[in-house]
Amino acid sequence: MPAEEKTEDPTPKRRQEAREEGQVAQSQELSMAFTLLFSFIMLFFLMDNILYESMEFMNKYFTDYMTMTLNLQTFYTLLLELMQFIFRLVAPLMFVVALVGVVVGLLQTGFLFTPTSLQPDPSKLDPVSGFKQIFSKQTVAEFFKSILKISIVGGIAYLTIKDNLPQLIMFSKMGLNQVVSLIGSIIYSLAIKVSLILILLGILDFIYQKWEHEQQLKMTKQEVKEEKKQTEGNPEIKKRQKEKQQEMAMNRMMESVPEADVVITNPTHIAVAIKFDIDNMDAPIVVAKGKGEIAHKIKKKAEECGIEIVEEKPLARALYGQVEIEEEIPMELYQAVAEILAYVYQLNDERRY
C-alpha cells in the first residue's frame, strides 16, 4: 500500500518539536560568506598594524635572539614570545569571525540550544544509510552549489586579473613597494567581490533551505488527525465525557426539584423550578429549568413531590432565558414571581387547615 502523501502544512506542535531537535532552516553558505567578508574588511584595517608588529618582531629576532645562547630556557622564552606575537595578530580577527558567525546564526534561527542534537546518533554510523546519503537529493544539490561557487569565483578572478593585466605587465618596471601595493589591491578587490557574490548566493541558499525545511515538516492527513487526538483528546472520548458530565448535572438539578416552592411552566415546552427562603435568601433562585423532555421530567418530579405547578407563559420564558440555575431572579421579575409565590403559599396554608 503506497505511503500517504504529505500535503498538510506543519502544525505549531510539529514545528516546535523539530526546533527542539535542532531541525531549523539555516544556510551555512550565508554564515561563511559574511565571515569571509568581515575577515577581509578586518584585514584591510589591521594590515598596517600587522606589518608593524611583524617588523618589530623580526627586528627583535635579528638583534636579540640571534645572539642568544640556545638552551632550554631561551627556547621556551622564544616560543612564548612567538605565541604572544601570533595571538596579538590573530585574536582581533578570530573575535570578529566568531562574532559574525554568532550574529548571522541568531538572525537565521534565533536563540537555539538543543541538548538532544548533541547526543550520539547510532543511525549515522549505519553504512547502508550513509551510502544512501551519498546519492540523496541534498547531496546532489550541495554538489551543484559547489560547482556554481567554483565557477563564479573562477570567473571573478579571471575578470579581475584581466582588468588589471596592463598594470601586471609593468611589474618589471615597478619598485618593490609598488608591486606589493598592486598585488594587495588586486587580492583585496577580488576578495570583496567574491564575498559579496557569496553573500548573494547565501541568501538564495537560505531561501531554498527554508523551502526545503518546510517540505520536510509537512504532514499527512492522518498525522494531523493523530496529533489532534493527542493534544485535544480523542473526540469520541471527549463526547462520552461531555455526555457523562451533562448527565451528572441533570441528576443534580433533578435532585434540587423537591426543594422548590413552585414550578412555573409554558405549559408544555418550558418548566422552571423556583425556591425562596425568606430567612436565608435575598431573592428567589432558580433550582432547575429545562425545555422539552427535561421540562416534562421536572413537572413529573414536582407532581411526585407535591410541588405546585403554575402555568405562566411569559414569565416561564423570561425566567428560562434570563436566569441560570442557582442564580437569583432579576429585579424586574420580582413582582410577577412574588405574586405566584404568594398564591402558592396561600394554597399550602389552605391545604394545611
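Quick reminder: no glycine exception, Cβ is built from N, Cα and C everywhere.
The region 'Disordered' annotation in TrEMBL covers 1-22 (among others).
Under the heading transmembrane segment, TrEMBL lists 30-47 (among others). Long-range neighbours of the transmembrane segment (30-47) within the same chain, counting only residues 6 or more positions beyond its ends whose Cβ lies under 8 Å from a Cβ of the stretch, are 92-93, 96-97, 100-101, 104-105, 108, 184, 188, 191-192, 194-196, 198-199, 201-203, 205-206.
Sequence-distant contacts of the transmembrane segment (93-114) (same chain, six or more residues past either end, CB-CB distance under 8 Å): 19-22, 24-27, 30-31, 34-35, 38-39, 42-43, 46, 206. Among the features that TrEMBL reports, transmembrane segment is placed at 93-114 (among others).
According to TrEMBL, the feature transmembrane segment maps to 143-161 (among others). Below 8 angstroms of C-beta separation, residues 29, 168, 186, 189-190, 193-194, 197-198, 201, 205 of the same chain, each at least six residues beyond the ends of the transmembrane segment (143-161), sit close to that stretch.
Same-chain residues lying 6+ beyond the ends of the transmembrane segment (181-208) with a Cβ under 8 Å from its Cβ atoms: 25-27, 29-34, 36-37, 40, 43-44, 47, 108, 141, 145, 148-149, 152-153, 156-157, 160-161, 164, 167-168, 171, 174. Annotation comment: TrEMBL describes 181-208 (among others) as transmembrane segment.
TrEMBL lists 222-245 (among others) with the feature region 'Disordered'.
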The region 'Disordered' (1-22), counted residue by residue under DSSP: helix, strand, coil: 9 helix, 1 strand, 12 coil
